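Trainee: Next up is a structure, given as structure tokens.
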Amino acid sequence: MTTAHITPPPSPSVGASAAGEIFYPHKHLLGIEGLYPHELTGLLDLADTYVEQNRRTNKKKSLLKGLTMINLFFENSTRTRTSFELAAKRLGADVINMQADSSSVKKGETLLDTAITLNAMHPDILVVRHADSGAVKLLSEKVSGAVINAGDGQHEHPTQALLDALTIRRRKGRIDGLRVAICGDILHSRVARSNIHLLNTMGARVRLVAPPTLLPNSIDHLGCEVFHDMREGLKDCDIVMMLRLQLERMESSYLPSVREYFHFYGLDYDKLSVAKPDALIMHPGPMNRGVEIDSLVADDINRSAIQEQVEMGVAVRMACLDALTRATRNAEADQ
Amino acid sequence: MTSHVFVNVRLLDPASGLDAMGGLVVEDGKIVAAGANIRAGDAPEGATVIDGDGHCLAPGLIDSRVFVGEPGAEHKETLASASQSAAAGGVTTIITMPSTKPAIDGVSLVEYMARRRSDDVLVNVVPMAAATKRLEGKEMTEIGLLTNAGAVAFTDGRTAVADASVMMKILKYGRMFDALLVQHPEEPTLSKGVMNAGELSTRLGLSGSTPLAELLMIERDIRLAEATGGRLHFAHVTAAGSLAAVRAAKARGIRITCGVTPPHFALNELVVGDYRTFAKISPPLRAEDDRLAVIEGLKDGTIDVIASGHDPQDAESKRLPFAQAAFGAVGLETLLPVSMELYHNGYLSLLEVIDRLTRRPAELFKLPGGRLAVGAPADLVLFDPDLAIRIDADRFRSKSKNTPFDEQPAQGKVMLTMVGGRVVYSAQA
């Protein structure tokens, strides 16, 4: 397990970001795996500044004025797409939303053909969601603008992990040393993978709690402790991160029934009682109430950070857009 | 009468154990003499003398697993382009898979394939027929009539005969004709993944196929072969556990054999790297422990034959997200140089490597080639086992270029290929 302690750079203000400090040297944001702690910290520090900006009456900046962002979603999503759209608009970018139907056409042709077509329109940022792992990376090789992975198959969802980290850091003051339980359908979850990488990199201790049928092969090699019993897994945890369970998993024989799943893995006050008294409850949404989480717990304003995660999402995406366009903006400013 | 005389060559004949400098005389498409005492002066009048420059002269390679696009997917490969690719790789006989469109499951289709040899098809084409009609795994094909028409074995190609009852009937019925059933040993419900199941598949978020799928099918089929006495060949065995099962069954005298393709002894799953679709093959590239077990299987004879598994896919089938990309890699032109790794790394002798590529497949599929004996067809390959090369997919004769070995260094180069006494490839040309 990675427990690197690298001193983060001083927190840049929004003004400093406009001045063009480069702390994130990559062209794209395709995943959390492989990023350094100081790069993640830099993004989180920058996001912190945007949280404050978003709480003001005047939320809008002109940092990305003249830049174009395309939201290219091959999979349905309202929350993530809206969050990115809002983030871009608050920074003054022009935003186009494209919902590509990935089921009625030959998917691969659409992906690369669309990439090439869109590239000809010179977008500065492409935000891409796709049902296949690796598809966003493939696309990123064909375009000249910055690409942000908004979720690819069962691989990664980096901005979700960043917004989760920001939520945790603001509530707990740190990530290092915290005990975090990620519970539910780990097998199919890109959110879980990105969070495992991020939390490990930032020094948290990650536990996974799921039935064996919903755990991928060798997941413990990623630096996690695996539990099949919720009570054992949640014991003394600082953070309880629930995952959405897709109901078709019942038909695919991953699980016998919703009733049985909720009984053993649904988060309720009884199971939560073994976690730390101030344990924070998180969920990437949308929630299946009564399946993976009890409504009372989900709506407990003292324990649940679910709404705060949504708020942090916009700030984190603003930070990512800011960081990824700095090189471009600096180059233009130099001309 | 056309004749050729090879002189100054290192003769390699696994069937007789011959490994010596000498020469070889070809007349009318057959070997008429071979030995240490043959020199240029022994050439009949009008014979073409080929000075081998000390290189190895061996029986032409017999490749027992070649997918061709014809009929149905000629844009990926035709028999003509496959044969050119084979000739460049030192392969003189390709045993074709029935996985075409339509599938080779009837007498007329087998006859079409068997008679396809013509001016533009440079090497011997020997067809396998489907084991079940339309490759659906439900109804047995006409094994007797198809055998008479020229089918050398029966297989459902890329898919396993999954229904145990159908499999048992094929093995039982096929005994009447001593038919060979070639199985793709993967239990289909456990092998729906797109790469090997393990840590890497988890990191990449790709669905994995467990090696257990191979073991289950192999253990089941061993029992069926034992119960029926049928002849069974596993097209490829790629995992440590299943190799152990094959080894144990062979020791019990059950009539089974197995093969492997070069990617499975030369590469492991890490080649998939960052979603590299050219490394997407079926069965998938396995973990390093499995790769080492495959090498052990080759060393101790558990694995009988090395086949290329040539499976041409056009760029459009591979330039896709990993999960959507087609399985398969071309292999005819890399078969010899990659197999030479086994020799250069000290795992097998040169004769043993050639044995897995010539005599063993010839015996298994009852073909006349695979040896340097007098009277045998003059299907020959002249090669330099030591010459360092860099594999260059752009230069492949195959219509498709999908290989996980592109740009890899290797040692071993085909200098000349002869089929039936006719030179069909020369590196100098």
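Cβ atoms are placed via backbone N, Cα and C, with glycine included.
TrEMBL entries are annotated by machine, without manual review.
Copied straight from TrEMBL:
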BINDING   A:ARG79, A:THR80, A:ARG129, A:HIS157, A:GLN160, A:GLY285, A:PRO286  carbamoyl phosphate binding site
BINDING   A:LYS107, A:ARG190, A:ARG244  L-aspartate binding site
DOMAIN    A:27-169  domain 'Aspartate/ornithine carbamoyltransferase carbamoyl-P binding'
DOMAIN    A:176-323  domain 'Aspartate/ornithine carbamoyltransferase Asp/Orn-binding'
Trainee: What are the non-local neighbours of A:PRO286 (carbamoyl phosphate binding site), defined as same-chain residues 6+ apart in sequence with CB under 8 A from its CB?
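Mentor: Result: A:ARG79, A:ARG244.
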Trainee: By the count of other Cβ atoms within 10 Å, pick out the sparsest of the binding-site residues A:ARG129, A:ARG190, A:ARG244.
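Mentor: Selected from the binding-site residues A:ARG129, A:ARG190, A:ARG244 on minimum Cβ neighbours within 10 Å: A:ARG244.
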Trainee: Mind pulling out which binding-site residues among A:ARG79, A:THR80, A:ARG129, A:HIS157 sit under 8 Å from chain B, Cβ to Cβ?
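Mentor: Cβ contacts with chain B under 8 Å: none.
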Trainee: Could you say whether, by DSSP, A:ARG244 (L-aspartate binding site) belongs to a helix, a strand or a coil region?
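Mentor: DSSP call for A:ARG244 (L-aspartate binding site): coil, neither helix nor strand.
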Trainee: Enumerate same-chain residues with a sequence separation of six or more from A:THR80 (carbamoyl phosphate binding site) and a Cβ-Cβ distance below 8 A; give 'none' if the list is empty.
Mentor: A:ARG129, A:ALA150, A:GLY151, A:THR159, A:GLN160, A:GLY313
Trainee: Just give the helix, strand and coil counts over the domain 'Aspartate/ornithine carbamoyltransferase Asp/Orn-binding' (A:176-323), going by DSSP.
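Mentor: Helix, strand, coil within the domain 'Aspartate/ornithine carbamoyltransferase Asp/Orn-binding' (A:176-323): 62 helix, 25 strand, 61 coil.
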Trainee: Neighbourhood of the carbamoyl phosphate site (A:ARG79, A:THR80, A:ARG129, A:HIS157, A:GLN160, A:GLY285, A:PRO286): other residues with Cβ within 8 Å of the Cβ centroid, in order?
Mentor: A:SER77, A:SER83, A:ALA150, A:GLY151, A:VAL191, A:PRO284
Trainee: Can you name the residues of this chain that are 6 or more positions from A:HIS157 (carbamoyl phosphate binding site) yet have a C-beta less than 8 Å from its C-beta?
Mentor: A:ASN149, A:ALA150, A:GLY151, A:ARG190, A:VAL191, A:ARG193, A:SER194, A:PRO284
Trainee: Could you say whether, by DSSP, A:HIS157 (carbamoyl phosphate binding site) belongs to a helix, a strand or a coil region?
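Mentor: Coil, per DSSP.
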Trainee: Let me make sure I understand the span of the carbamoyl phosphate site: among A:ARG79, A:THR80, A:ARG129, A:HIS157, A:GLN160, A:GLY285, A:PRO286, what is the greatest distance between any two Cα atoms, in Å?
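Mentor: For the residues that bind carbamoyl phosphate, the greatest Cα distance is 17 Å.
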